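Colleague: Okay, so Swiss-Prot annotates it like this:
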BINDING   Gly184, Ala185, Ser186, Ile209, Ile250  NADP(+) binding site
Amino acid sequence: MTDRTTDPVPAEPAPVRHPTARLIDGKAFAANLTQTIARDVQSFHDRYRVTPGLAVVLVGNDPASEVYVRNKALQTHRAGMRSFMHMLPATTSQAELLALIGRLNADPEIHGILVQLPLPAGLDPVAVTNAILPDKDVDGLGEVNAGRLALGQPGIVPCTPLGCLMLLKSELGDLRGLHAVIIGASNLVGRPMARLLLAEGCTVTVGHIDTRDPAALARQGDILVVATGCHGLVRGDWIKPGAAVIDVGITRISLPSGKTRLVGDVAFDEAVTRAGCITPVPGGVGPMTIACLLNNTLAAARRIVGATDAA
């Protein structure tokens with residue numbers, strides 16, 4: 001009888017461990033910023049006997065917008081400010097909406113006005129945002145504040161790009177010399193984001209719907225800001241290893257289970273293996289947008305009353 005030896009069963013290969021990006025906690029940053037704003041609101045009230053007031057106008061009954069607007073009102077109250085909600089039916093005419101904005105412009109208790117976008121078909125968002133007094137345009141979307149930003153002059157900066165910039169500086173510090181790639185060229189995010197990053201000394205490239213090879217462009221970015229509204233557009237291999245990724249997108253998708261979840265424009269599970277740091281969705285840019293709205297409202301109130309002391 002001969003001895004038989006059996007070959008050892010090969011061991012399971014060890015799982016490949018990928019580096020994981022740092023999460024940029026916009027929720028925590030926004031909470032700290034809101035606490036600071038609340039203290040500043042109290043100091044402002046103690047000195048000037050004025051409580052900053054924010055008017056938010058929602059036209060139509062889009063459920064996502066309704067939730068967002070109510071959250072804005074809640075955060076406004078938490079910061080010690082007054083909130084004025086105006087919920088209008090989708091049948092509201094342009095003339096009716098402009099008349100309301102005119103009344104809000106003239107109301108001394110209101111220091112900031114925000115019209116929730118998008119508006120229903122038939123309403124002109126450019127005319128509506130430009131009807132808001134520049135000093136009360138706390139979303140920074142009117143032509144006066146947009147022009148000031150383009151020229152590098154003081155003005156009200158759009159909330160979402162401002163929040164993105166705060167998060168980037170908190171993670172990276174000095175941004176000078178970095179190549180920032182922005183995917184998305186909207187007036188709401190992409191264009192003002194580009195101007196803010198230029199002012200910080202970045203080399204800025206903006207990709208848009210007609211960009212021929214957006215993946216190749218994205219891979220050049222030390223900073224990658226994505227704001228397209230197309231969930232999962234940016235795959236992991238679009239990202240330069242170690243880049244800072246800011247995902248502005250937010251979309252609610254349906255799962256096979258029948259449940260829903262919020263996702264961004266970046267394929268998060270792929271991105272975390274390549275990025276150096278990244279904002280999650282939710283909990284990244286969204287909370288910062290609201291915190292910056294409160295910050296802009298307080299700043300608007302200070303300008304309107306002629307406050308000269310440091311904020």
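Glycine is treated like the rest: Cβ placed from N, Cα and C.
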Colleague: How far apart, in Å, are the two Cα atoms that lie farthest from each other among Gly184, Ala185, Ser186, Ile209, Ile250, the residues recorded as binding NADP(+)?
Modeller: 18
Colleague: Sequence gap of 6 or more, C-beta under 8 Å: which same-chain residues meet both conditions with respect to Ile209 (NADP(+) binding site)?
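Modeller: Counting only residues 6 or more apart in sequence, the Cβ neighbours of Ile209 (NADP(+) binding site) under 8 Å are Ala185.
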Colleague: Non-local Cβ contacts of Gly184 (NADP(+) binding site) (under 8 Å, 6 or more apart, same chain)?
Modeller: Gly190, Val206, Gly207, His208, Val225, Val226, Ala227, Thr228, Gly229, Val248, Asp265
